Amino acid sequence: MSSVFGKPRAGSGPQSAPLEVNLAILGRRGAGKSALTVKFLTKRFISEYDPNLEDTYSSEETVDHQPVHLRVMDTADLDTPRNCERYLNWAHAFLVVYSVDSRQSFDSSSSYLELLALHAKETQRSIPALLLGNKLDMAQYRQVTKAEGVALAGRFGCLFFEVSACLDFEHVQHVFHEAVREARRELEKSPLTRPLFISEERALPHQAPLTARHGLASCTFNTLSTINLKEMPTVAQAKLVTVKSSRAQSKRKAPTLTLLKGFKIF
């Protein structure tokens, strides 16, 4: 048996080619995006991390008995969407995260969902998005009710979940797998559509800036060369990292993640 993130796969016998899915995690600084990403990849909870660190991680998953090569971009926007092309033209699906104990993060999630809706209109395609209320373990300090989350998700026609990165792994895994299912449905509808990968130096079709038409700061749809390169992460910063697991060795011992620089894992 060979083991990678996700379920173990047999080392012999014919294997169908894995579905490739790119998933971007969006949200305000402090909403718990990195904690959710690491929880999904390692079953562990992190208590400290660098909010300025942005990376893309690779995981081999099995969703509905189908192998999936999942790439997860843990974005590093601070308070509002910034330089959005790096994920809008890359991801097949999006997780928009807010913290149930932060009204500001909830308001920011509305901005991200609006951005995705505008991009869907611009590109004339459906963009799968899931709204995620994180830090359910902090429910006693709630500033956002579950009903408000349901209403916001309903407004944009997306799925809604409440979870906690520091509690059950299964709930976090379920959300990520639901994102894969949503992406898979859209890919099956238009299999020839391929997103622009971060490392490709290819210009996008010229369009008028969204800033001028919709007032979304720093989010434009011009060519990649027009983006403020000081704010956009370099290819080296937004590298694809494959992290292997020792999960097969022990069901009780969580795998060790060694390539997440800036994280403190417990």
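Just so you know, glycine gets a Cβ as well, placed from its N, Cα and C.
Pulled from Swiss-Prot:
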| type | residues | note |
| --- | --- | --- |
| BINDING | 27-34, 74-78, 134-137 | GTP binding site |
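Swiss-Prot feature annotations superimposed on the structure.
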residue : record           : contacts (Cβ under 8 Å, 6+ apart)
Gly27   : GTP binding site : Lys33, Thr75, Asp77, Val96, Val97, Tyr98, Ser105, Ser108, Ser109, Tyr112
Gly30   : GTP binding site : Pro51, Ser99, Ser102, Ser105
Leu78   : GTP binding site : Arg28, Arg29, Pro51
Leu136  : GTP binding site : Val100, Glu162, Val163, Ser164, Leu167
## Note on the structure
Simplified DSSP label at Gly27 (GTP binding site) comes out strand
### Query
Taking each of the binding-site residues Lys33, Thr75 in turn and counting other Cβ atoms within 10 Å of its Cβ, which one has the fewest?
Thr75
#### Entry: Reduced DSSP assignment, Lys33 (GTP binding site)
helix
